[in-house]
Amino acid sequence: MDGKKCSVWMFLPLVFTLFTSAGLWIVYFIAVEDDKILPLNSAARKSGAKHAPYISFAGDDPPASCVFSQVMNMAAFLALVVAVLRFIQLKPKVLNPWLNISGLAALCLASFGMTLLGNFQLTNDEEIHNVGTSLTFGFGTLTCWIQAALTLKVNIKNEGRRAGIPRVILSAVITLCVVLYFILMAQDIHMYAARVQWGLVMCFLAYFGTLAVEFRHYRYEIVCSEYQENFLSFSESLSEASEYQTDQV
């Protein structure tokens, strides 16, 4: 990969992945240090520990809950930005827009779920927290499959297979983790369920980090223009639009 030919926007998905994963592990270590949860490598519950090391339990009590809320809010914002930029990136390249629109909607709903589970702690409002968890995991998984399909279909810079196959594999692993997580939860095997949950979240974050592959080819700009009180005619509008129409935003 030639760094001189890479857009700075490639770092956005990487920052999202690294920031969120680091923040969640900080929450985990704070909760373990305060003896709120068991360490992930514990074989059995020890005296004084309250819960299995689920992420929701790790971020349930201050000071860990304060960090958890901030991490999830920032993650939701970055995920929303990634969703919009990815939609714009693929918009001129797909013939049938429904799949691209579905990918945008799914990731937006997953981002909204992140804010719910981050700001409504489990013991304070379990119902809303669980709704946020369902939105995040459910629409997050759907997003992964949609983006994997779009990657193979659009084939940006002939890198569709190189980026798409790992995404299909990650999507399958994520789906398997979601199913396994709920099975273990139903059987009250909480230590293993918590480990699966952490693995699931790390796979999610790794998946979105792979979007840097396509983002490195694109440059995004925000264009600000002065409001014109007198509207241009239709022909003038088309003429002006043709001057600025590019594949870049």
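Glycine residues also receive a Cβ, built from the backbone N, Cα and C atoms like all the rest.
Values in this document were obtained by computation on a predicted structure and should not be read as measured data.
Membrane sidedness, as given by the topological domains in Swiss-Prot, is identical for Cys6 and Arg162. Same-chain residues lying 6 or more positions outside the transmembrane segment (193-213) and placing a CB less than 8 Å from one of its CB atoms are 10-14, 16-18, 20-21, 24, 40, 52-55, 79, 82, 86, 137, 140, 144, 147, 159, 162-163, 166-167, 170-171, 173-174, 177-178, 180-181, 184-185. The stretch in closest packing with the transmembrane segment (131-151), judged by the count of Cβ pairs under 8 Å and taken from 10-30, 65-85, 169-189, is 169-189. Tertiary proximity for the transmembrane segment (65-85) is limited to same-chain residues at least six positions away from its ends with a CB under 8 Å from its CB atoms, namely 9, 12-13, 15-16, 19-20, 23-24, 26-27, 30, 58-59, 103-104, 107-108, 110-112, 114-115, 117-119, 121, 208, 211, 215, 218, 220, 249.
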